[in-house]
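Engineer: Pasting the feature list from Swiss-Prot:
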type: TOPO_DOM; residues: 1-34; note: topological domain 'Cytoplasmic'
type: REGION; residues: 1-56; note: region 'Mediates effects on KCND2'
type: TRANSMEM; residues: 35-55; note: transmembrane segment
type: TOPO_DOM; residues: 56-796; note: topological domain 'Extracellular'
type: CARBOHYD; residues: ASN90; note: N-linked glycosylation site
type: CARBOHYD; residues: ASN111; note: N-linked glycosylation site
type: CARBOHYD; residues: ASN119; note: N-linked glycosylation site
type: MOD_RES; residues: TYR138; note: phosphotyrosine
type: MOD_RES; residues: TYR143; note: phosphotyrosine
type: CARBOHYD; residues: ASN257; note: N-linked glycosylation site
type: CARBOHYD; residues: ASN342; note: N-linked glycosylation site
type: CARBOHYD; residues: ASN748; note: N-linked glycosylation site
Amino acid sequence: MNQTASVSHHIKCQPSKTIKELGSNSPPQRNWKGIAIALLVILVVCSLITMSVILLTPDELTNSSETRLSLEDLFRKDFVLHDPEARWINDTDVVYKSENGHVIKLNIETNATTLLLENTTFVTFKASRHSVSPDLKYVLLAYDVKQIFHYSYTASYVIYNIHTREVWELNPPEVEDSVLQYAAWGVQGQQLIYIFENNIYYQPDIKSSSLRLTSSGKEEIIFNGIADWLYEEELLHSHIAHWWSPDGERLAFLMINDSLVPTMVIPRFTGALYPKGKQYPYPKAGQVNPTIKLYVVNLYGPTHTLELMPPDSFKSREYYITMVKWVSNTKTVVRWLNRAQNISILTVCETTTGACSKKYEMTSDTWLSQQNEEPVFSRDGSKFFMTVPVKQGGRGEFHHVAMFLIQSKSEQITVRHLTSGNWEVIKILAYDETTQKIYFLSTESSPRGRQLYSASTEGLLNRQCISCNFMKEQCTYFDASFSPMNQHFLLFCEGPRVPVVSLHSTDNPAKYFILESNSMLKEAILKKKIGKPEIKILHIDDYELPLQLSLPKDFMDRNQYALLLIMDEEPGGQLVTDKFHIDWDSVLIDMDNVIVARFDGRGSGFQGLKILQEIHRRLGSVEVKDQITAVKFLLKLPYIDSKRLSIFGKGYGGYIASMILKSDEKLFKCGSVVAPITDLKLYASAFSERYLGMPSKEESTYQAASVLHNVHGLKEENILIIHGTADTKVHFQHSAELIKHLIKAGVNYTMQVYPDEGHNVSEKSKYHLYSTILKFFSDCLKEEISVLPQEPEEDE
């Protein structure tokens, strides 16, 4: 732990001596006026020196209550952000996990709390995940949890009776000590579903025998109710590929067939005499994709499974399913997307007959975004709401709320737009039929923030910001979750200050209850020297693009500072936001007085489709140009040291950082890339094809987008490459190909390998990763003090 040394400044002012004039015989005559003036001047000089010392003394020496943020701090318990995992059980009850680990039920109307599970229960069963049954009688506890991909994990489970404390192991029939791919409660009573060996099992209640709903499951080939790698990472953004009807009587699920998909082998190097490999289906750009089918199974009475068919125009072509949602107890809405990702069709299917009708079709000249969005339906299904791109003059298209009215007899649809403007609707949260209001999150107040709004669906469409006045000094970035009947909502303040979770009444949002304040983290941060970020706006090609500078707390613009530029991990993401952030780069700012910059150029999200889709067929081109323009702007600032510039990126961010480092603009002294994508042909089909098309038709586009060409440009920079050998997202193959080309070009590099670690390293390796990155940038960016040659002493 770095300690701040205590420094004291001693200034000694001595009175001048009285000097007799030599050669004078007359008695000494004192010039009292002159002496007084001289003493006054000396006192003024002493005062000025003392004042300047105080002013120039760093803050940590004058304010002992604040200390610098260290890497060790990030791993302390009081620096952990607590997520209460709050969820609605019904319209008045919320279940959440308190900061001390108890699972509690809160009634929002009476403020009465009920302890459902003590924190010691987690210790007893070594459980790290929990889920409370809908009837609040049982808890599902997961232990021996092992992460598979980004969202998926395997675990063993026990069922715990809250009242009697009885415990049951959850196992498939005739199997003991099973490891399950998934387990969760249904929507009614004690319904249970779990997935074992890629097959779905169902229990009507905890005392009943398990019923196997599918039998086609085959490891790494046929997936039932659970996603394969491509669907989990790039399409559903979840490992869950099944959906309950509201009454719990039916289950919709995907069957993903990877039998023709090429497989990737991930070797495991440690822990055995001979390394073993994990083999799993991973379609790269242009390769065979998984095929997909959507089924609905009836859970009551004789088990009956029905397939829901794609639209006619998709039956003879490759497609994805990106969204499934129940509209009523028997109807589902499904979104089908072609492989090129520029045509999507929304259908509503009657699951008793299998009949599906097309409700809306979207097309794009580039690609379609927001394809996971779930439409919000009225109870009778006569209208639904979702966001669609709407043109806003020269600024291009922005996502806005549209209301779709279905004519019952003709099945024709009338569309009415409820919002408009140069801002984005992020998500539609709820529709209250009593008040005829729609609730949604938007960027209307600021593209960097998220506020909760309501809008009337009738008459003048009056729009109102619900969250704008809630803790406005602390919160400008929100998410929300409404209760089943929309009478109450959970409000999640996610920044810029320490996150807070609160409960509100929809009728009177100003009345609230704080569920989680993260007070421990708040107190810990108050003791640290953490500065506030500054926002600057850059004008590039008629776009206004945001640049964020995170400055040291004791920043002074007359000093010179090193700069670290951080890249985003995904296209369509957003780095410059009001979200709370504290990570390894916060330590670099504090400990090494480095300025950290983040810039959302073309290809970034939530600023309209025109900015986002500039990267179509130009991945690795316009983003590089914009980031370099941002750096050149920063170099005009007097406090940026042009000789101490650095860059960092992970995944796609590592790809952009590599493209910048090898460009003709030699701006950076060093750079670090973690798990960098180096060739889009080696990456996932759904990702690469979305932005660049099929390799067979776009060979030159893929060549231009590759890091592996002209790597001679990396000769002048100091580069650190970091990669886990078990990365299932960006395979180690990417770094291996890059290193091969660097060696051929005679480029020096530093490599940090994490054996058997994935795309996100485990907790046990995180400290080492962070310290490696920090040491690299600290060494690279430290101020070079030129030592003047010592002059030889002259002989007397």
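Quick reminder: no glycine exception, Cβ is built from N, Cα and C everywhere.
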Engineer: Helix, strand or coil by DSSP: which one applies to ASN119 (N-linked glycosylation site)?
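Structural biologist: For ASN119 (N-linked glycosylation site) - judged by DSSP and reduced to three states - the answer is helix.
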Engineer: State the Cα to Cα distance, in Å, between TYR143 (phosphotyrosine) and ASN119 (N-linked glycosylation site), rounded to an integer.
Structural biologist: 15
Engineer: Given the modified residues TYR138, TYR143, and counting only Cβ atoms in the protein chains shown, which has the most within 10 Å of its Cβ?
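Structural biologist: In terms of Cβ crowding, the pick is TYR138.
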Engineer: Provide, as an integer number of angstrom, the distance between the C-alpha atoms of TYR138 (phosphotyrosine) and ASN257 (N-linked glycosylation site).
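Structural biologist: Given the Cα positions, TYR138 (phosphotyrosine) is 35 Å from ASN257 (N-linked glycosylation site).
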Engineer: Measuring Cα to Cα, tell me the gap between ASN90 (N-linked glycosylation site) and ASN748 (N-linked glycosylation site) in whole angstrom.
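Structural biologist: If we compare the Cα positions of ASN90 (N-linked glycosylation site) and ASN748 (N-linked glycosylation site), the gap is 61 Å.
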Engineer: Determine, to the nearest whole angstrom, how far the Cα atom of ASN342 (N-linked glycosylation site) is from the Cα atom of ASN257 (N-linked glycosylation site).
Structural biologist: 23
Engineer: Please give me the CB contact count at 10 A for ASN257 (N-linked glycosylation site), counting all chains in the structure.
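Structural biologist: There are 17 such Cβ atoms around ASN257 (N-linked glycosylation site).
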Engineer: If you skip the near sequence neighbours and keep only those at least six away, which residues in the chain come within under 8 angstroms of ASN119 (N-linked glycosylation site), Cβ to Cβ?
Structural biologist: ASN100, GLY101, HIS102
Engineer: Around ASN342 (N-linked glycosylation site), how many other CB atoms lie within 10 A of its CB?
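Structural biologist: Its Cβ shell of radius 10 Å holds 17 other Cβ atoms.
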Engineer: Non-local Cβ contacts of ASN111 (N-linked glycosylation site) (under 8 Å, 6 or more apart, same chain)?
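Structural biologist: In sequence order, PHE513 meet the Cβ cut-off.
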Engineer: Inside 10 Å of the Cβ of ASN748 (N-linked glycosylation site), count up the other Cβ atoms and send me the figure.
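Structural biologist: Taking all protein chains shown, ASN748 (N-linked glycosylation site) has 11 Cβ neighbours within 10 Å.
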Engineer: Measure the Cβ-based neighbour count of ASN90 (N-linked glycosylation site), defined as the other Cβ atoms within 10 Å of its Cβ.
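Structural biologist: Excluding its own Cβ, ASN90 (N-linked glycosylation site) sees 12 Cβ atoms within 10 Å.
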